[in-house]
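Asker: So TrEMBL has the following annotated:
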- 6-26: transmembrane segment (TRANSMEM)
- 118-135: transmembrane segment (TRANSMEM)
- 141-159: transmembrane segment (TRANSMEM)
- 226-242: transmembrane segment (TRANSMEM)
- 273-294: transmembrane segment (TRANSMEM)
- 306-325: transmembrane segment (TRANSMEM)
- 345-365: transmembrane segment (TRANSMEM)
- 386-403: transmembrane segment (TRANSMEM)
- 409-431: transmembrane segment (TRANSMEM)
- 443-462: transmembrane segment (TRANSMEM)
Amino acid sequence: VLFQRFAKIFIGCLAAVTSGMMYALYLSAYHERKFWFSNRQELEREITFQGDSAIYYSYYKDMLKAPSFERGVYELTHNNKTVSLKTINAVQQMSLYPELIASILYQATGSNEIIEPVYFYIGIVFGLQGIYVTALFVTSWLMSGTWLAGMLTVAWFIINRVDTTRIEYSIPLRENWALPYFACQVAALTGYLKSNLNTYGERFCYLLMSASTYTFMMMWEYSHYLLFLQAVSLFLLDIFSLEQSDKVYEVYKIYVFSLFLGYLLQFENPALLVSPLLSLVAALMVAKCLQLNVKKGSFVAKIIKVINFYLVCTLTITLNIVMKVKSLQAPSQDFFLRLTQSSLLPFYILVLIICLLSMLFSFCSGKSLKETVTLEDGRIGERPEIIYHVIHTILLGSLAMVIEGLKYIWIPYVCMLAAFGVCSPELWMTLFKWLRLRTVHPILLALILSMAVPTIIGLSLWKEFFPRLMTELMELQEFYDPDTVELMTWIKRQAPVAAVFAGSPQLMGAIKLCTGWMVTSLPLYNDDDLLKRNENIYQIYSKRSAEDIYKILTSYKANYLIVEDAICNEVGTVRGCRVKDLLDIANGHMVCEEGDKLTYSKYGRFCHEVKINYSPYVNYFTRVYWNRSYFVYKINTVISFQS
């Protein structure tokens, strides 16, 4: 028996690690085929980092160029070489801890002698994605008891990677660094909540959960919102399963410790102290203290009811605020079609319904929950880890229906829960108990289906999707952007070192990375001053006068202006959604409501008018470079008003 158990664990661990490694290698091969990365010059490689990704990687480069690690950190925390007229703490504002860690590892391991910095950087991110997949594998394995569920989880994750990750589009995104640690935390939490866990296993899960929670919080500025949803799930678990109350409050302690430690190490980040996570956990822990040794019907018990009512109201209001401050956009019909074609959505709905109904039946029956639920019981909804995951996926799914970006957090756990369900004999046994199956022994049939169903799903996925994956790896794609390469080359050769460039925030990020020149704005949205700068600089695509634009640009000490043809001549399918439409609405030059007329502007669109080279535009701006995509204008310091 011990040998069989050891062999099962060994094969499962080997399959989990192999799955993670294969996924990381797949990402590396796909990235190479997509960009021809190894055959390009450094400038062409850096152009593949777009928008905020370019900013993150540029600071990684700055750390490697610094004479020492301490000096590099100081220059990032007192950075006055990126944005004109502004000194920023880049580490705090942009959560640059991944870049600090990557730079330390690159130099400490001696990798600078054997591998280029860019390969080391993206290699770490791809490796983390491998850990991400491995953690999902382990979570599904812990819940179902079979590593077959882990294999199915990985298969669904990779097949639906358009909806599970954004790694293909933007490697340095904070979520790509952070979510693997959250997956490890969820795996540790799943093991920690199991009822039949021994003391040593419980301690290991607790330590892993503590370390991964804190690391996750340090890697991503929005991590505490995701942990808030997890805390809500644990709060509801505490209501469904009172036996796990002590464990739930131990997790709350981890939250509090991570928040305060993160507050100290993130330069006293006030966002952590005012986060909904801290408010919720503090209120729940106070309620827990008041509940100790309180008699039913006492005055304190009545106060506790008021506190619980307050918590419900707080949760409702907080979720409402979170939904309002985000840009709401529901997933498209193609999203549901893709999930259905891969068979993920139908099986997820089946598993979710069975688990949810089992939870509700157990809760409404009023019977005390058994300490250990056996296969014969057919009561899968009484297992605490199952209750947590069902609630968690429902909360994430509800928000993903109105905030499309959250699908990248929700779908990986959809893959995990669906794979667990079809591979779990307990789920099939629960269904057979309701159906009162008599013709065949229900336990035997449940065991057969828990192996047959995932095997059939796996074979069908292999037949339909494996050839597509191989085709993607064999197909040579080409990333060709000569206009941007020419622009960056011109800046490095012709522009003065002290020049300041103005343009769209996304382009400014690329200029900062590829040239190192100072810019007026960055593609960052957590700083009020930078947001105002972005709004003002975008006025170059509005219907404003040359004098207005000149005053805006000179107020930020800009020397050069770059107009992008793609934004100026953007053709959108939805009225009012283009950049220039949004600017016209904000400036009162266009109203979107039906029946309202356009407001007249006596000026033409600046980005069009400045290209014509007539007065007064030529008085303020002199064109010094252009190609098919970009027009560069020098901002005149001495203005001539001659026609």
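Cβ coordinates are placed from backbone N, Cα and C, and glycine is handled just like the others.
In terms of burial and nearby residues, how do these features look in this structure?
Answerer: Counting residues 6+ beyond its ends, the transmembrane segment (6-26) has Cβ neighbours under 8 Å at 126-127, 129-134, 137-138, 141, 147, 150-151, 154, 158, 469, 473 in the same chain.
For the transmembrane segment (141-159), the residues of the chain that approach it from at least six positions outside its boundaries are 8, 11-12, 15-16, 19, 23, 26, 133, 187, 190-191, 194, 342, 344, 385-386, 389, 412, 415-416, 418-424, 450-451, 454-455, 457-458, 461, 465, 469, judged by C-beta separation under 8 angstroms.
Packing against the transmembrane segment (345-365) from elsewhere in the chain are residues 240, 336, 339, 379-382, 386-387, 390, 393-394, 414, 417-418, 420-422, 427, 430-431, 457: each is 6 or more residues past its ends and has a CB under 8 Å from a CB in it.
Counting residues 6+ beyond its ends, the transmembrane segment (409-431) has Cβ neighbours under 8 Å at 132, 136, 139-140, 143-146, 148-150, 152-153, 156-157, 160, 163-165, 175, 179, 183, 186, 226, 339, 344-345, 347-348, 350-352, 354-355, 358, 373, 375-381, 383, 389-390, 392-393, 396-397, 399-400, 442-443, 445-447, 449-451, 453-454, 457 in the same chain.
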Asker: Mind checking which residues reach the transmembrane segment (118-135)? Cβ under 8 Å, same chain, six or more beyond either end.
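Answerer: For the transmembrane segment (118-135), the far contacts come to 16-17, 19-21, 23-24, 27-28, 31, 42, 45-46, 57, 60, 102, 105-106, 111, 154, 157-158, 165, 167, 171-172, 176-177, 179-180, 183-184, 186-187, 412.
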Asker: At a C-beta cut-off of under 8 Å, are there same-chain residues at least 6 beyond the transmembrane segment (226-242) that contact it? List them, or none.
Answerer: 182, 186, 189, 193, 213, 216-217, 248, 251-252, 255, 275-277, 280-281, 284, 311, 315, 318, 359, 362-363, 369, 382, 384, 387-388, 391-392, 395-396, 399, 409
